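After the structure tokens below, expect a handful of questions from me.
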Amino acid sequence: MATFAVPQQIPPVAEDCERLRKAMQGWGTNENAIISILTRRNARQRCLIRQTYAEKYGEDFFKPLQDELSGDFLRAVLLWTPHPAERDALLANEVTTKKHSAAHNHLVIMEIACTRTSRELFQVREDYHARYKRSLEEDIAYHTIGDFRKLLVPLVSTYRYEGAEVDMTVANLEAKILQEKISEKAYNHDELIRILTTRSKSQLNATFKVYNDQFGHPINKDLKKKPKDEYLGLVRATIKCLTYPEKYYEKALRLSMKASERQRRL
């Protein structure tokens, strides 16, 4: 799915629906047909396929998928097909209601909060609210504790400014605040959390650059004093996702593939 591209010319959406329905009928499922269609359509086109399928056949496209597919392939298709905001809402609900490791749950919520635009994150909250009749914030607050709750709730609640403008006076002041709180080991201080959860990504990049220039090393290096501390790990991941999401995901994918390779060898 990561290597396919949308062709310049695509068939009518009704034809895609017919091919998908045929792929899921009879003995066995034509997984190659499903892959060839869904991986060559963008998010808007996949949403239109789902809408047209429901209108044409009277059922959600997800129902035959769940009936005919299973395991990792089913999960990949179910996460690939919905509108991105719907997918994020589903993932957020999954990690707040099902039994995963706490560290995994915290990272999923943080990734959604930090790598989406303000408008995209707002749409996730809207979808979550409409789907589950509860707010995303209240579920995260209920299912997290302590410092994790203190960081994650404002992260998902924020509506950051998206522009490129930067105030260097603020950057210098807040770099100093961050250094003071980190040196005091006050990693959960209100000011540290305020800066991370409210400032624009451009402003944060400027602040972290000032931090590096003034104190001689990146902020995340000072946050590695306790490498096994889960909360500090979440703070470091938050900073990485806010400033260099591509590097964050490159590392996450690399570690995941290494873990999968080790499992295959067992």
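Cβ atoms here come from the backbone N, Cα and C positions, even for glycine.
If you look up TrEMBL, you'll see Gly26, Gly28, Glu68 marked as Ca(2+) binding site.
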Far apart in sequence but close in space: which same-chain residues, 6 or more away, have a Cβ under 8 Å from Glu68 (Ca(2+) binding site)?
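Glu68 (Ca(2+) binding site) has long-range Cβ partners Met24, Thr29.
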Would you list, in sequence order, the residues of this chain other than Gly26, Gly28, Glu68 that have their CB within 8 A of the centroid of the site's CB atoms, where the site is the one recorded for Ca(2+)?
Ala23, Met24, Gln25, Trp27, Thr29, Asn30
Give the sequence-ordered list of residues that share a chain with Gly28 (Ca(2+) binding site), lie 6 or more positions from it, and have CB atoms under 8 Å from its CB.
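Once residues fewer than 6 apart are set aside, Gly28 (Ca(2+) binding site) is near nothing.
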I'd like the number of other C-beta atoms within 10 A of the C-beta of Gly26 (Ca(2+) binding site), please.
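Cβ-Cβ neighbours of Gly26 (Ca(2+) binding site) within 10 Å number 8.
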